[in-house]
Structures are given as C-alpha cells and as structure tokens.
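Asks: So Swiss-Prot has the following annotated:
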type    : residues       : note
BINDING : 32-39, 641-648 : ATP binding site
DOMAIN  : 308-589        : domain 'ABC transporter 1'
DOMAIN  : 609-937        : domain 'ABC transporter 2'
ZN_FING : 251-278        : zinc finger
ZN_FING : 740-766        : zinc finger
Amino acid sequence: MQNKIIIHGARAHNLKNIDVEIPRDKLVVVTGLSGSGKSSLAFDTIYAEGQRRYVESLSAYARQFLGNMEKPDVDSIDGLSPAISIDQKTTSKNPRSTVGTVTEINDYLRLLYARVGTPYCINGHGAITASSAEQIVEQVLALPERTRMQILAPIVRRKKGQHKTIFEKIQKDGYVRVRVDGDIFDVTEVPELSKSKMHNIEVVIDRLVNKDGIRSRLFDSVEAALRLGDGYLMIDTMDGNELLFSEHYSCPVCGFTVPELEPRLFSFNAPFGSCPTCDGLGIKLEVDLDLVVPDPSKSLKEGALAPWNPISSNYYPTMLEQAMASFGVDMDTPFEALTEEERDLVLYGSGDREFHFHYVNDFGGERNIDIPFEGVVTNVNRRYHETNSDYTRNVMRGYMNELTCATCHGYRLNDQALCVHVGGEEGPHIGQISELSIADHLQLLEELELTENESTIAKPIVKEIHDRLTFLNNVGLNYLTLSRAAGTLSGGESQRIRLATQIGSNLSGVLYILDEPSIGLHQRDNDRLIESLKKMRDLGNTLIVVEHDEDTMMQADWLIDVGPGAGEFGGEIIASGTPKQVAKNKKSITGQYLSGKKFIPVPLERRSGNGRFIEIKGAAQNNLQSLDVRFPLGKFIAVTGVSGSGKSTLVNSILKKAVAQKLNRNADKPGKYHSISGIEHIERLIDIDQSPIGRTPRSNPATYTGVFDDIRDLFAQTNEAKIRGYKKGRFSFNVKGGRCEACSGDGIIKIEMHFLPDVYVPCEVCHGRRYNSETLEVHYKEKNIAEVLDMTVDDALVFFSAIPKIARKIQTIKDVGLGYVTLGQPATTLSGGEAQRMKLASELHKRSTGKSLYILDEPTTGLHTDDIARLLKVLERFVDDGNTVLVIEHNLDVIKSADHIIDLGPEGGVGGGQIVATGTPEEVAQVKESYTGHYLKVKLQQ
C-alpha cells in the first residue's frame with residue numbers, strides 16, 4: 001500500500017488546480033488565512049472523495065438514503081482510505097440528545113442498572129426483591145431450629161370498609177383463621193369492622209415449627225399463600241418478627257411496584273421509562289409568575305396582570321373587576337400587598353365558587369352568566385394548549401418558561417426507574433450518576449461497593465463505561481455531565497465528544513478529517529488533546545487537521561500552508577513540509593509567525609475606561625459560586641478560564657440576558673443572580689456570534705450590510721432606468737418585476753435525481769444571473785446589477801469610490817478582512833468566522849454613540865494569527881469610540897491585548913465558578929493560582 005495520498009488538479013471553490021502529496025499514518029495540519037481554501041482542500045476535496053468512493057460501493061437502494069455525494073472537482077486522488085469527518089456543524093439540537101446518549105455511555109449505564117441494580121421502595125420500606133416459592137422456602141428453612149411460625153396470605157392492605165364479603169369468601173374456601181389488624185380471630189367470630197378506618201386482613205394458611213422433614217408441607221403452604229395473596233406472603237415468627245416476601249418486584253407494605261429490570265426501563269426516550277409528566281425531557285413549559293406579574297408593586301387596577309391588560313378588548317379586565325368585587329378583593333391594593341389567599345385566587349382561580357359575569361362586546365354580543373373565576377395562570381395555560389391561533393399561542397408562550405419538571409426533578413425518568421440503586425440504598429440512582437461531572441463519575445466507579453456476584457456481572461460493563469469516560473477526560477471535557485443537553489454544547493465541545501467516541505472505537509487504517517478541535521480549549525488542556533490525536537495516529541490512522549493553534553502546528557508530523565491570501569487571492573499551496581521547514585519558508589505567512597518574524601505586539605498602554613461599571617452581585621447559575629463581578633465600561637475586557645469554569649454562564653446566561661431584559665424588554669430569563677447595577681450607562685447591547693447571517697442563498701454580504709439598498713437606489717437613478725420607469729424594486733431578485741421568473745431569482749434550478757444526488761444547474765434563461773434581460777440592460781459605469789454582485793469587495797471598493805455612502809459600507813467589509821468575498825456570495829457559503837466578521841462590518845458603519853456593549857464569544861474561531869491581528873484592530877476601533885467590548889476567549893494574543901481580564905476557575909465544572917484573578921494582563925500574569933496567568937506570563941515575555 002502506498003504511503004502517501006497524492007492529489008492532482010484540485011479545483012474546489014478557490015483552489016487553483018493544485019497538486020499536493022500528504023503522508024499517510026501521520027498527524028497532518030492544514031493551515032492558512034481564513035478563506036484561503038483549507039476547508040476546500042480538506043473537506044470538499046479529500047473527505048468528499050473518500051466518502052463518495054465508499055458510498056459508490058453500496059447498492060443503489062442503500063445509496064438513496066445517503067443523500068448528496070457529488071464528485072469533487074479534482075483530476076485524481078490516490079492512496080485514499082475510508083474517510084470520517086469530525087466537524088463542528090453537526091451538533092444535535094434535539095432536546096432528547098445528551099452527552100450520555102451521544103457517547104453511548106447511557107446504553108452501558110442502563111445495562112449496569114438492569115443487571116446489578118436493586119429497587120428500593122419510594123416510601124422508605126426498604127429493598128424490593130422478587131423471590132420464587134423455592135427461594136422463599138430456602139430462606140424460611142434457614143431460620144433457627146424450633147422457630148415457631150405462621151404463614152399468612154395478605155388479602156386486604158390498608159383499605160377502608162367492613163369487608164364482609166371477603167370474610168364470607170375466606171370461609172367458603174375452607175380457611176379457619178384470619179388475622180385482622182394484628183389480632184387472630186376465628187373466621188366466624190370476626191368483630192364488625194369500622195367503615196371509616198383502614199384495615200389489614202391476612203389469612204392464616206398454616207402454623208409450623210422449623211424442624212427436619214417440613215420442606216414438602218412448607219412448600220405447599222408457601223405456594224397456597226402466594227396464590228391467595230396475589231404473589232405476596234408474610235411469615236410471622238411468633239416472637240414479634242415478620243418477614244415479607246413477594247413474587248413480583250413490589251413492596252409488600254405499600255404495594256409500590258417495579259416492573260422487571262431491563263435496560264429500556266432506564267431510557268428516558270422510551271415510554272416504558274420516561275417521566276409521564278415531562279415525557280422524558282426533564283423540563284416542562286410552565287407559566288412563569290415573574291412574567292405574568294412583572295411589577296408586583298402595581299395594583300390590579302393599574303394592570304399588574306400582564307396577560308390581561310386590554311389590547312383589543314376589555315373582556316378580561318371587566319371579568320377581573322367583577323370577580324374581585326364579588327370575592328371582596330381590593331383592586332387598588334398593590335399585588336405584593338394582597339394576602340396569600342387573595343393572590344392565590346387571582347392567579348389560580350376560585351375553584352367551585354361562582355360570581356356573576358356581565359359583558360357586552362363592541363358588536364353588541366352579550367354574556368350574562370354565573371361562572372367560577374378561572375385565574376390568570378390557569379387562563380394562560382388553557383389558552384396556550386387549546387387555541388388554534390398561532391398568534392395567541394405565541395403571545396401566551398411569552399408568559400411561560402421552561403422550568404425543571406416537578407415530578408422527576410429534571411432526571412427525566414419515572415419513579416420505577418429512579419428507585420433502582422447500585423451499591424446499596426445509599427448508592428446513586430441512574431439520574432444522580434448522570435448529574436455527576438465526568439471526573440467525579442470516574443471516581444465513583446472506582447469506589448462502587450458491589451457483592452462478589454454483582455462484581456462479576458458488572459466488570460465488563462464498568463470497563464466500557466470507564467474507557468469512554470477516560471477518553472472524554474483526556475480531551476479536556478472532565479467538567480461535563482452525562483445529562484448535559486447536546487444542544488447546549490459549543491462547536492469545540494461537541495467535536496471533542498465525537499473525537500472521544502472515535503478513539504474509543506479503536507479503528508485503524510481510517511482517514512480522519514478534523515476542523516479546529518482546539519476551539520474552546522484552554523492552553524492547559526491543549527497538550528491532552530494533542531496526545532489524544534497522536535494516540536489515534538499511532539493506531540495506524542491518518543489525521544488531517546484544519547487548525548490555527550500554534551502548539552498543534554508545532555507538534556504535527558507534516559504542515560501544509562494554503563494561501564497566500566484569502567478568496568481568489570488564495571487557493572495555492574505556499575508551503576508543505578515539517579513544521580521546522582515551513583517556519584523557514586519566507587513566502588509563508590504562517591511560517592513567519594511560527595519563526596517569530598511576525599507577531600502581534602503587546603499594546604503600549606492599557607485604557608483606563610470611563611470610570612463606570614456594570615456590577616453583578618450573587619451570580620449563582622450552574623457552577624458559579626455566588627460571584628460579585630464588576631465589568632469596567634469603556635474598556636476591552638476578556639473573560640478567561642479553563643473550559644467549563646463558568647465563562648459562558650456568567651456572560652451569556654446572566655450578563656447578556658439581564659442587560660437584554662432591561663434594554664430590549666427581552667422575555668428570555670437570565671440565570672440566577674442577586675442584583676445588577678450600571679445598565680443605565682449603556683444604550684445598546686450587540687451580540688456578535690458565529691451563527692449564519694442568513695439561512696438561505698438569497699441572503700448575501702450586500703443585503704446583510706444594507707449596501708445593496710444603496711446600490712439599487714443608484715441603478716434606479718441612472719438615465720436608462722428613469723426612461724424605462726424602473727424603481728429600485730426592479731433591481732431586487734426577491735420580488736417579481738426585475739428578477740428572472742424561470743428560477744425565481746435564484747440563478748440555479750434544482751433537478752431531483754432520486755438514486756443519484758440532486759443536481760443544481762444554472763438557469764437556462766438567465767444563465768445564473770438572477771435577473772431578466774430587460775433589467776440587465778440598465779448599466780452604471782458599463783456594469784449591470786448582476787456584474788456588480790459578482791464583484792469582490794476589493795473590486796467594488798474601487799468601482800464605487802466616487803459614491804461615499806456606498807464606499808463607506810464596503811470599506812467596513814474590507815476592514816474586517818473580507819475583501820475577497822463577492823457582494824452576492826450566498827450567506828450559506830460563509831464560514832462561522834466570516835459570518836461573525838460580516839456582523840462586525842455591519843456594526844462598523846453605524847454611527848457610534850459610545851454607549852454600546854459588544855459581546856463576542858470566542859471571536860478567533862476559524863481565524864489565522866494574521867486574521868486575529870486584523871480583528872483586534874476592528875475591536876479596538878469600537879473601544880476607542882468609547883464603547884465596551886467583552887470577549888470570551890482562550891487565544892493568548894487576544895487576551896494580552898485586553899485592557900482588563902476576568903479569569904474564572906480554578907478548574908472546570910464543580911471545581912470552577914470562582915474569580916481567580918482580575919486586572920490588566922500584566923497583573924493577572926503575576927497570580928500563581930491562575931492557569932491563564934501562567935501561560936500569559938510566557939506570552940508577554942516573548
């Protein structure tokens with residue numbers, strides 16, 4: 001087998017017919033500027049071809065289910081293996097998907113609990129065991145010799161009534177004695193029982209003394225007792241001790257029943273095991289009182305009840321007024337000053353008590369009726385669930401929030417699953433073990449106390465769980481819990497989870513293609529990730545990693561630098577060789593940064609800010625340990641800390657949502673905190689994340705930044721357009737008039753091919769230009785509207801240099817380093833980093849008030865060091881205008897450029913959530929307890 005992957009003539013996207021050789025069974029890093037063509041080479045060429053060749057070997061029937069497998073634009077690729085891609089885009093947003101289900105650890109846990117778990121009565125009556133008649137006989141014979149006993153069959157347990165028919169049936173069946181409420185009676189002499197009291201009735205089946213030769217008689221009596229007692233029997237040993245036995249998993253005292261233990265009982269995705277209240281989601285949509293009564297200092301008359309404030313009719317305010325008058329509640333008293341009973345009446349209704357309601361609507365319709373008062377919470381709930389109107393449902397949804405399910409307490413499972421414990425009654429149930437961090441979970445497995453028999457059964461299962469947890473630990477995810485919803489994971493976290501799953505599969509001879517696995521990972525955990533990658537390589541796999549992280553590049557076996565620029569200025573192989581060889585290559589920008597010839601300088605001075613703060617007190621969501629944090633305004637702030645230390649919780653769940661709630665009246669509830677002050681010092685909150693700028697190909701840089709409006713205005717003012725009577729709408733490809741109707745302005749037509757992938761062909765009428773021929777006859781400076789959309793930002797800047805309004809907006813796109821994208825490039829083809837910078841560009845051309853707060857979560861994702869230098873210049877422009885920029889970041893070049901650092905930690909998960917250090921980078925670098933400070937110190941000295 002050849003030891004290289006040889007690629008000839010790769011032309012996907014911006015690749016310029018390149019030839020490249022990649023050594024097999026090595027750790028290969030592909031790097032280059034954002035947009036240079038790294039992903040085009042790794043994913044759209046190598047992975048796409050490896051995947052396509054595998055799928056081609058399947059039957060036509062199987063192929064139809066595997067979707068799009070186009071042949072990449074490449075002449076030939078030799079030496080390919082089956083390819084597995086681990087990217088960041090395929091995180092499941094399904095609320096039923098958790099870390100445990102994605103890693104398949106849940107499957108093994110379910111097996112463990114089904115095989116060695118013991119159910120315990122939820123009412124505190126001890127272990128629930130199922131015993132056959134044979135096992136019961138053995139246990140009875142093991143009692144001390146000469147023990148006197150009677151065998152009883154329980155037939156009434158804690159039931160009210162006189163039970164006369166039951167005594168008649170017992171007599172008819174030939175039994176002589178019964179025990180009623182602990183006293184023995186002849187069945188014909190039972191006193192009359194009280195109707196209103198609970199009673200226990202057992203039939204005396206036999207009386208015995210434990211001695212040799214009673215096995216046969218005992219066996220018959222036990223079987224008879226089980227038959228009569230519906231699978232239950234009691235042994236009364238005459239010295240006051242009672243033994244309870246059951247054929248079923250059922251508590252002999254209270255009757256709490258557990259089905260046979262099998263893995264499906266412990267699955268929250270199966271009706272058999274899921275919580276009946278929340279259907280296994282762990283959360284339930286409930287009416288949130290804080291949203292229903294946003295201002296408790298208001299009275300009912302002043303509109304304390306938000307859902308019932310008059311919008312289009314006075315129906316509910318009238319009902320409220322008449323009901324309160326009838327029940328004697330003062331409408332002028334502030335809501336918070338009402339008695340508890342009065343508040344309950346307003347919120348949850350009057351039960352069966354009625355009031356007289358009289359209402360005439362605007363159309364003369366009349367209601368004159370005695371009805372119970374519904375209560376505002378009950379009303380919102382009913383209207384949400386019963387309405388057929390999407391509008392009403394959305395309005396009611398605004399007063400509701402996802403709260404932890406009160407039945408299962410967020411564990412997602414029913415009582416029967418949660419009563420099963422491993423390692424005795426004090427051991428955890430499956431819900432509790434899923435709430436542990438991976439590090440604690442590993443420790444618990446070491447300390448699990450099992451009997452010899454249980455240990456033998458559990459050994460292979462525990463090994464599988466232990467191995468998988470260890471892999472997760474090794475890629476820096478020790479702070480995650482198995483119950484964490486997959487949809488809440490960052491791109492880097494979900495990628496490392498899939499990486500851990502792949503390491504666990506122990507495959508060899510596979511080609512793995514990874515997309516920036518170091519995203520969201522602190523420098524401290526980077527070494528463990530690189531070790532994991534090397535482990536995969538040592539199994540005999542080839543790893544191609546698209547990465548910008550300097551440590552990963554230096555530890556790679558082979559480095560490929562794609563460039564020299566981005567977009568049409570990239571797509572060539574600038575350097576290929578060992579990291580040392582690339583570092584010596586003068587043409588390679590990456591090489592210049594690796595060798596230290598190029599670097600991002602440390603700012604000469606730190607800004608002092610405007611002296612104002614936003615202060616949060618008592619932040620206690622997730623793992624935050626009641627923090628008091630001050631965010632100085634007018635500065636560039638970096639929030640740092642190891643993965644899982646609480647950065648996203650503090651910034652995204654608390655600060656961002658609390659500010660949005662005050663500024664934008666946002667209904668999204670912030671995480672737990674005591675108080676927040678200083679919001680009055682800012683006017684705008686701008687969240688700049690990496691989500692796409694548009695979900696359809698109709699959205700593009702020109703439409704997103706608003707420059708397309710100005711360009712269409714310009715075309716509408718040309719002489720030709722005026723003569724023809726064209727307005728600016730004529731130059732939109734989204735509405736009828738100017739667009740090509742054959743393709744509805746898409747420029748392409750989709751042809752469904754069933755057993756082959758869908759084919760997209762350029763529209764035959766407009767040839768991919770989106771507009772009809774009449775519209776394209778209008779020119780500005782000899783270019784029509786379609787030709788303008790095909791221009792790169794750099795070209796458009798020169799073309800529109802005489803029109804300041806347009807040039808200013810296009811300049812901002814160039815300033816964020818996107819000079820290579822075309823104005824009409826579909827938004828769906830932009831990477832996360834490009835989308836984020838496009839959002840920055842659209843902010844740059846807005847007039848600055850100097851009172852904005854910009855929040856960016858890991859803005860360096862997908863960025864080369866050279867791109868980061870450009871990004872920092874843009875962010876510093878915002879701060880120099882008096883605004884505040886807050887980034888969550890691990891990249892040391894960004895951290896060292898900040899004015900103020902808030903470092904959380906010291907560890908992730910339960911070991912984090914504290915402030916380890918705050919201050920300038922120089923101050924944080926001196927704090928010995930700070931991992932960030934340790935790495936920052938080295939960086940500042942460079």
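Glycine is no exception: its Cβ is also placed from the backbone N, Cα and C atoms.
Burial and contacts for the listed features, if you can.
Replies: Using a 10 Å radius centred on the Cβ of LYS647 (ATP binding site) and all shown protein chains, the other Cβ atoms total 26.
Long-range Cβ contacts of the zinc finger (251-278) within its own chain (Cβ-Cβ under 8 Å, at least 6 residues beyond either end) map to 96, 101, 106-107, 109-111, 113-115, 117, 119, 121-123, 125, 128, 154, 157-158, 232, 234, 244-245, 284, 405-408, 411-417, 419-420, 430.
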Asks: For SER36 (ATP binding site), write down the residues of its own chain that are at least 6 apart in sequence and whose Cβ falls under 8 Å from its Cβ; none is a fine answer.
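Replies: Residues satisfying the criterion: ASN14, VAL562, GLY563, PRO564, GLY565, ALA566, GLY570, GLY571, HIS864.
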Asks: Which number gives the other C-beta atoms within 10 angstroms of the C-beta of GLY641 (ATP binding site), all protein chains shown included?
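Replies: Around the Cβ of GLY641 (ATP binding site), 29 other Cβ atoms lie within 10 Å.
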Asks: Looking only at the zinc finger (251-278), how are its residues distributed among DSSP helix, strand and coil?
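Replies: Counts, helix then strand then coil: 4 helix, 2 strand, 22 coil.
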Asks: Could you say whether, by DSSP, LYS647 (ATP binding site) belongs to a helix, a strand or a coil region?
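Replies: The three-state answer is helix.
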Asks: Count the other Cβ atoms sitting within 10 Å of the Cβ of SER643 (ATP binding site), across every protein chain shown.
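Replies: Within a 10 Å radius of the Cβ of SER643 (ATP binding site) lie 26 other Cβ atoms.
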